[in-house]
Amino acid sequence: MQAHELFRYFRMPELVDFRQYVRTLPTNTLMGFGAFAALTTFWYATRPKPLKPPCDLSMQSVEVAGSGGARRSALLDSDEPLVYFYDDVTTLYEGFQRGIQVSNNGPCLGSRKPDQPYEWLSYKQVAELSECIGSALIQKGFKTAPDQFIGIFAQNRPEWVIIEQGCFAYSMVIVPLYDTLGNEAITYIVNKAELSLVFVDKPEKAKLLLEGVENKLIPGLKIIVVMDAYGSELVERGQRCGVEVTSMKAMEDLGRANRRKPKPPAPEDLAVICFTSGTTGNPKGAMVTHRNIVSDCSAFVKATENTVNPCPDDTLISFLPLAHMFERVVECVMLCHGAKIGFFQGDIRLLMDDLKVLQPTVFPVVPRLLNRMFDRIFGQANTTLKRWLLDFASKRKEAELRSGIIRNNSLWDRLIFHKVQSSLGGRVRLMVTGAAPVSATVLTFLRAALGCQFYEGYGQTECTAGCCLTMPGDWTAGHVGAPMPCNLIKLVDVEEMNYMAAEGEGEVCVKGPNVFQGYLKDPAKTAEALDKDGWLHTGDIGKWLPNGTLKIIDRKKHIFKLAQGEYIAPEKIENIYMRSEPVAQVFVHGESLQAFLIAIVVPDVETLCSWAQKRGFEGSFEELCRNKDVKKAILEDMVRLGKDSGLKPFEQVKGITLHPELFSIDNGLLTPTMKAKRPELRNYFRSQIDDLYSTIKV
């Protein structure tokens with residue numbers, strides 16, 4: 001059909017008459033056309049656009065030919081893992097030097113006192129202080145060599161990074177000590193790493209170390225450097241047992257008066273001995289090189305290069321322990337790009353205040369914090385109308401997520417989610433979670449509510465924090481993403497649990513430049529973790545999904561048999577049961593002489609009372625924990641969830657005891673990384689376990 005025929009068909013004038021036709025239209029009509037055109041143009045220009053993924057999201061990893069089923073990131077052009085993203089950054093020392101340049105000597109490390117703004121040190125100030133500390137160490141007789149270990153026993157603060165960079169500038173190695181490791185583990189690490197000098201933040205930690213020297217438990221310790229103010233009695237106590245107690249300021253002055261030229265490390269040199277807190281036995285010292293850390297950082301930058309682009313305008317809130325590799329990798333990425341790092345005040349209860357003042361753009365988190373945020377948001381929706389609005393708004397935003405759209409400027413953000421976004425400072429554009437599994441429900445909701453790029457990672461200390469990461473544009477939950485560009489991942493058979501690699505299931509194994517060098521002075525443990533071909537065996541059970549992402553489905557290390565011979569993986573069962581609304585923590589237990597499982601359940605103090613009230617139960621939290629009918633109702637809810645999640649009948653617990661006190665680091669039932677200490681839990685609840693087995697008849 002010709003154009004003039006088309007106009008005639010719709011009874012419209014031909015183009016030559018169009019001007020005359022427009023003149024005959026009423027002014028209101030013309031204004032309406034103009035407004036419609038303007039609105040259409042505005043919508044087209046500002047409509048939400050999905051984040052462009054860096055690869056085909058239906059195939060995020062690729063099998064490597066001749067590798068026994070190993071898969072690599074689809075972002076790579078070859079089967080060789082990525083080692084360095086920037087040619088001039090092959091060590092953490094070089095990464096910091098790059099940060100000095102790209103930041104144009106901008107602010108680097110910030111801290112604050114209560115009710116005060118953040119005060120900042122510039123990149124060059126940090127570099128100068130770092131070289132002073134490193135020079136002071138040399139003046140004290142320490143070697144510029146990758147077998148020279150220096151201890152850091154402190155919470156996150158600017159001095160932590162200054163000491164770290166001071167060690168790196170002169171090829172020394174840092175050995176972080178956890179605040180919550182406990183006296184025995186600290187003594188073990190000081191001796192294992194042969195630490196003769198330890199930096200501490202508070203006098204109380206210096207006293208703890210001096211006590212070990214006085215009791216001849218750590219005879220090799222000779223110098224303690226204290227960051228905070230302390231009294232003369234601490235110096236005198238040290239002198240009596242042959243330990244020099246000095247201040248951070250004195251070390252800076254000593255180094256300033258005796259400056260040495262930096263002696264940077266090689267990529268293959270050790271950077272950190274990261275002691276992992278095992279659930280049994282002594283901590284193991286993972287030996288991690290500069291190459292390990294830089295390759296892991298490079299992989300994150302590669303995976304997000306078109307979406308995140310860290311820059312000097314970014315600000316990181318530092319509150320997750322720097323003694324853990326997750327936080328260390330995040331901070332190394334920030335420093336390499338000239339970004340700012342603001343430290344929390346040291347009290348997790350003041351974190352929300354720190355967030356409001358700092359207004360970070362980058363916020364790494366752990367699932368425990370996400371669960372609290374989720375519970376708090378839904379706890380505030382305390383009427384039927386508020387709950388309906390929250391559900392409706394989250395579903396609208398989750399629909400956008402499924403289309404790949406991430407934003408924080410929708411109608412629902414302004415009406416519903418603005419408050420929670422503002423509570424984090426109002427500028428967060430990047431969040432990363434790792435260290436433990438996170439509920440798909442919680443992750444999806446918070447991705448929608450917070451309206452920022454929110455990635456989930458998976459890994460462990462032995463592969464320098466991360467080996468898998470969710471892909472930009474893939475905002476689905478329930479998996480840990482594809483292999484990072486720095487490593488390959490393969491699954492191997494676990495016959496005793498009926499997981500077969502040929503069926504896409506098995507133990508997760510990792511190989512690449514991010515895999516550690518072994519455990520310090522422990523060849524037997526190293527051989528358990530690293531096979532002869534260099535594959536790290538994680539102990540986690542994974543499953544390949546059709547789109548090439550990995551789902552963690554089980555845990556190998558804590559399996560046990562029941563009397564009938566069935567293998568049980570308790571952590572998988574616990575993760576399912578903890579989805580129950582009134583449940584905060586669960587310890588699932590079984591024995592080879594018993595035919596069924598039981599559990600110790602810690603109810604959620606914030607939700608139990610309201611949950612019980614809806615079911616007709618009244619009383620305080622402690623009274624409800626003693627109520628047999630409440631216990632029965634919670635057990636029924638757990639079993640329902642287990643059935644819905646596909647647990648086999650023998651994987652379901654047959655009885656529970658309600659315990660009102662949370663498992664914690666303080667009571668010795670959790671490790672510093674918040675993992676259950678199963679032997680300690682077994683001993684702690686021995687009488688309750690025996691009672692359950694004696695009273696339940698199956």
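Backbone N, Cα and C define each Cβ position, glycine as well.
Which of 25-45, 319-339, 592-612 counts as transmembrane segment depends on Swiss-Prot, and there it is 25-45.
Swiss-Prot gives the label phosphoserine to one of SER403, SER620, SER687, namely SER620.
Proximity to LYS356 (N6-acetyllysine), defined by a C-alpha to C-alpha distance within 10 angstroms, is shown by none of the recorded positions SER135, LYS207, LYS632. With respect to their backbone Cα atoms, LYS386 (N6-acetyllysine) and SER620 (phosphoserine) stand 26 Å from each other. Neighbour counts were taken as the number of other C-beta atoms within 10 angstroms of each residue's C-beta; across the recorded positions SER135, SER620, the minimum falls on SER620. Between the C-alpha atoms of TYR84 (phosphotyrosine) and SER135 (O-linked glycosylation site), the distance comes to 29 Å.
Taking all protein chains in view, 18 other C-beta atoms sit within 10 angstroms of the C-beta of LYS207 (N6-acetyllysine). On a Cα basis, LYS632 (N6-acetyllysine) lies 49 Å away from LYS207 (N6-acetyllysine).
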